[in-house]
Amino acid sequence: MADVWVLGSLNVDVVVRVPRHPEPGETLIGGDPALAFGGKGANQAVAAARAGAAVRMIGAVGEDAEGAAYRERLARFGVDVRGVRRVPGPTGRAFIAVADDGENTIIVSPGANAAVGGQDLDALRGIVAGDVLLLQLEVDLDVVAAAARTAAAAGARVVLNTAPYADLPADVLALAEPVVANASEAELLRAAGGRPAELLVTRGEEGSAWGGIAVPADRAGTVVDTTGAGDTYCGALAAALAAGEDREPAMRAAAAAAARSVEHAGAQPEPDDR
């Protein structure tokens, strides 16, 4: 089985439950804050590892207790963290409000993620043909673009999740097999004239589509928290593609993993919750 490489963000999440999301200018009383682990890159790395892939994470955490704890946590999932640097300053933070219906809103303070730069591309030297590089857009976009080009030149497959949305050069979008976007991100891609040839669109409960293949969403049990469901989809998809699965079975595996992910609080389960 080929390796899954993930270059992206690592955040500590501060999560507050609210009865509903506030209107602009409105103040709501929420529950006690809870600390959890997130960041789109790390979420996707964990999901790929839980799906059975050998995963290598590339990114940065701060020289704080949270950064040390995060490296240890990822290692417990079986993720190779040699590419996760510790840098001066705080680990990234995400402030998440989760409503009673499970829907969330998120504000991110990058912290150490802002230090991800060209030097981190050195960690990709071992990527080979057949491997999968999974990317998102919570770190420097020039680094994302350079990583995609490096992986493609080595014969690896690039899976690019356009979240949070940002414009990327057309040649970078063309390297991805596929670009993974939710419905709103797909509309932004079209508006920018950058619809890639290989586009996988996820539509939550309506399922996902890639080319001429449409896969329904798996039915979840009790929806507790949708935070990280899209990341779980991407990680499980990358793991299935690395294992040699064709598009439809890879999408079905990703849909099943995403459905399970909303049944627990937080973007990641606990390492022992296999």
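Using the three backbone atoms N, Cα and C, a Cβ is placed for every residue, glycine included.
The domain 'Carbohydrate kinase PfkB' feature in TrEMBL is assigned to 1-269. Residues or ranges marked as substrate binding site in TrEMBL: Asn11, Val12, Asp13, Gly39, Lys40, Gly41, Ala42, Asn43, Glu138, Asp231. Sequence annotations record features per position, and here TrEMBL assigns ATP binding site to Asn182, Thr202, Arg203, Gly204, Glu205, Glu206, Gly207, Gly230, Asp231. Residues or ranges marked as K(+) binding site in TrEMBL: Asp225, Thr227, Ser261, His264, Gly266. Residues or ranges marked as active site, proton acceptor by TrEMBL: Asp231.
Known features from TrEMBL, placed on the structure.
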{"residue": "Asn11", "record": "substrate binding site", "contacts (Cβ under 8 Å, 6+ apart)": "Phe37, Gly38, Gly39, Ala42, Thr91, Gly92, Arg93, Ala94, Val108, Gly111, Asn113"}
{"residue": "Asp13", "record": "substrate binding site", "contacts (Cβ under 8 Å, 6+ apart)": "Leu35, Ala36, Phe37, Gly38, Arg93, Ala94, Phe95, Ile96, Thr227, Gly266, Ala267"}
{"residue": "Lys40", "record": "substrate binding site", "contacts (Cβ under 8 Å, 6+ apart)": "Gly8, Ser9, Gln136, Glu138, Asn161, Ala163, Asp231"}
{"residue": "Asn182", "record": "ATP binding site", "contacts (Cβ under 8 Å, 6+ apart)": "Ala163, Val201, Thr202, Arg203, Gly204, Gly230"}
{"residue": "Glu205", "record": "ATP binding site", "contacts (Cβ under 8 Å, 6+ apart)": "Ala217"}
{"residue": "Asp225", "record": "K(+) binding site", "contacts (Cβ under 8 Å, 6+ apart)": "Val98, Gly102, Asn104, Val262, His264, Ala265, Gly266"}
{"residue": "Ser261", "record": "K(+) binding site", "contacts (Cβ under 8 Å, 6+ apart)": "Ala47, Gly228, Ala229, Thr232, Pro269"}
For the binding-site residues listed here (Gly207, Gly266), tell me which residue's CB has the most neighbouring CB atoms inside 10 Å. Gly266
Using a 10 Å radius around each Cβ and all protein chains in view, which of these binding-site residues has the most neighbours: Glu138, Asp231? Asp231
Near the substrate site, what residues other than Asn11, Val12, Asp13, Gly39, Lys40, Gly41, Ala42, Asn43, Glu138, Asp231 in the same chain have a C-beta no further than 8 Å from the centroid of the listed C-beta atoms? Gly8, Ser9, Leu10, Phe37, Gly38, Gly92, Ala94, Gly228, Ala267
Counting other CB atoms within 10 Å of each candidate's CB, the least crowded of the binding-site residues Arg203, His264 is Arg203
